[in-house]
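Asks: Annotated ADP binding site per Swiss-Prot: GLY148, VAL149, SER150, ARG151, THR152, SER153, LYS154, THR155, in sequence order, evidence recorded as sequence analysis.
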Amino acid sequence: MDNKIVYVVSDSVGETADLVVRAAMGQFPFAPDIRRVPYVEDTGTLKEVISIAKSNQALICFTLVKPDMRQYLVTEAAREGVEAYDIIGPLIDQIEEITGQVPRYEPGVVRRLDEEYFKKIEAIEFAVKYDDGRDARGILKADIVLIGVSRTSKTPLSQYLAHNKRLKVANVPLVPEVDPPEELYQVAKEKCFGLKITPDKLNHIRKERLKSLGLSDGATYANINRIQEEIDHFEEVISKINCQVIDVSNKAIEETANIIVNAVQNQKMF
């Protein structure tokens, strides 16, 4: 049975069927000749594959999610005396029977899920790499640029947008003593969002932060005059960029994220 031909037929890429066939064939001391037939959308293609399989005395293994296509292949293969094995159909039917839910019958769902997963990972890695202004080059590469003084939730918001919306987010901290990176004035203003906060709220947040670190809440970092100076600098920079400003004083991360997502969707940026 050396070089037994196996046709892997799928209405998508065929990776699932290919992996299952290789795993099964690995239990036998012969090397199969696996030939993938992807993106099958019509019975004409199935009929052709059956004919070729018959002439080569080959086996057909398939993952077709649509019931009519599955039934056609099984019926026609049996009529021609060709062995055909349905890899995914019986499991779909069993799950439907157990759960009472109707399948979507959409080809390529696994591949789309994989692509979404990798987009998420890429976005998360981007958020880490370009967090807190570490590398200004990320500003021009980002989908979203967050701008704000310290403790305005730039980092957790960046991570939330990466995890849940698969957006690549860079964030830039503003302090009066350091000039903003030039890239901040080069990026499209529609991608930029200034995170505004009231002095009193920021004063409270910073004092709590210092306490959690075991430091005195009387440090300059939490001084109300210093905070006002930082906010004035923030407003000056934002006025030059002319981007949207979101008051995060009393907003949860999720709420701010939704405002940003709605804004970019309305602008049809992605």
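Note that Cβ sites are derived from N, Cα and C of the backbone, with glycine treated the same way.
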Asks: Run through the Cβ atoms and count how many others sit within 10 Å of the one on GLY148 (ADP binding site).
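Replies: Other Cβ atoms found within 10 Å: 26.
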Asks: Rank the binding-site residues SER150, THR152, SER153 by the number of other Cβ atoms within 10 Å of each Cβ and report the first-ranked residue.
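Replies: Counting every other Cβ within 10 Å of each candidate, the maximum falls on THR152.
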Asks: How would DSSP class LYS154 (ADP binding site) in three states?
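Replies: Where LYS154 (ADP binding site) sits, the three-state DSSP reduction gives helix.
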Asks: Counting every protein chain present, what is the number of Cβ atoms, excluding its own, within 10 Å of the Cβ of ARG151 (ADP binding site)?
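Replies: So the Cβ neighbour count for ARG151 (ADP binding site) comes to 21.
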Asks: Does anything in the same chain, at least 6 positions from THR155 (ADP binding site), have a Cβ under 8 Å from its Cβ, and if so what?
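Replies: Those within reach of THR155 (ADP binding site), by Cβ under 8 Å and sequence separation of 6 or more, are ASP131, ASP132, ASN171.
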Asks: Applying the rule Cβ within 8 Å of the centroid of the Cβ atoms of GLY148, VAL149, SER150, ARG151, THR152, SER153, LYS154, THR155, what extra residues of the same chain belong around the ADP site?
Replies: ASN171, PRO173, LEU195, ILE197
